[in-house]
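Listed in TrEMBL:
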type	residues	note
SITE	Arg32	site 'Transition state stabilizer'
ACT_SITE	Tyr37	active site, proton acceptor
BINDING	Asn88, His94, Asp101, Leu115, Ser116, Arg125	substrate binding site
ACT_SITE	His114	active site, proton donor
TRANSMEM	129-148	transmembrane segment
Amino acid sequence: MAPPDGAFRNAPFVMINVHILNGPNLNLLGRREPQIYGSTTLADVEKLVREKAEALGVAITFRQSNHEGHLVDWIQEAGAQGAGIVINAGAYTHTSIALRDAISGSGAPTVEIHLSNVHAREGFRHRSLIAPVSVGVICGFGPMSYLLGLEAVHRVMVERARVAKPSQH
Ligand code: CA2
């Protein structure tokens, strides 16, 4: 993949790497409860995210698991690689101290996302254990939440790299 143009022309090229992580039941997307989650499948979402990543010049890893421990392992992996994270943790968002600890311990800039507007739904979905250790939260935009999340984490990572290595000019 070619280095991006414009403001980064003279900067040493370091590929930004983002892990897109999906939690429990998101493998059912597009196949059940379309009135809440729409008819787009997770494979469709992955395709949209890959197109957006290509346009941004970002390398991505896209994964889903129904198991909390897998998500913990993948968060640690992203942190060890210096990657960013976009995470739809599904119901673990509201329950998992393990995911929260993994995110805060990983040091990876993390954007929490949701397809639905969790604040317009049941009260137990209003609380997120991972929001306080995330850079920000995007919810309610359907599959577009993933694209907005990728753009947000990309911008945060570019800005952090710029601040860490100011231009010599
Ligand atoms: O809106 C979101 O993206 C959620 O993270 C989805 C989770 C839910 O527990 C969160 O509160 C909000 C549920 C994912 C389950 O996805 C399904 C998709 C189709 C059919 C059944 C479940």
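A Cβ is built for glycine as well, from the same backbone N, Cα and C atoms used for every other residue.
Values in this document were obtained by computation on a predicted structure and should not be read as measured data.
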- [ ] Compute all pairwise C-alpha distances among Asn88, His94, Asp101, Leu115, Ser116, Arg125, the residues listed as binding substrate, and give the largest one in whole angstrom.
- [x] 24
Open item on the list: To the nearest Å, how far is the Cα of His94 (substrate binding site) from the Cα of His114 (active site, proton donor)?
Closed with: 12
Task: the residue listed as 'active site, proton acceptor': nearby binding-site residues from Asp101, Leu115, Ser116, Cα cut-off 10 Å - done: Leu115, Ser116
Task: Rounded inter-Cα distance in Å - Arg125 (substrate binding site), His114 (active site, proton donor) - done: 11
Open item on the list: Tell me the Cα distance separating Arg32 (site 'Transition state stabilizer') from Asp101 (substrate binding site), rounded to the nearest angstrom.
Closed with: 31
Task: Where Arg32 (site 'Transition state stabilizer') sits in the secondary structure, as DSSP reduces it to three classes - done: coil
- [ ] Kindly assign the residue listed as 'active site, proton donor' to one of the three DSSP-derived states: helix, strand or coil.
- [x] strand
Task: Inter-residue C-alpha distance, Ser116 (substrate binding site) and Arg32 (site 'Transition state stabilizer') (nearest angstrom) - done: 14
Task: Cβ packing number for the residue listed as 'active site, proton acceptor', 10 Å threshold - done: 19
- [ ] With Arg32 (site 'Transition state stabilizer') as the reference Cα, tell me which of the recorded positions Asn88, His114, Leu115 is the closest one.
- [x] Leu115
TODO: For Tyr37 (active site, proton acceptor), just give me the three-state DSSP call.
DONE: helix
Open item on the list: Would you identify which of the binding-site residues Asn88, Ser116 has the most other C-beta atoms lying within 10 angstroms of its C-beta?
Closed with: Asn88
Open item on the list: Restricting to the chain of Leu115 (substrate binding site) and a gap of 6 or more, list residues whose Cβ falls under 8 Å of its Cβ, or answer none.
Closed with: Leu29, Tyr37, Gly38, Asn88, Cys139, Gly140, Phe141, Gly142, Pro143, Ser145
- [ ] Could you say whether, by DSSP, Asp101 (substrate binding site) belongs to a helix, a strand or a coil region?
- [x] helix
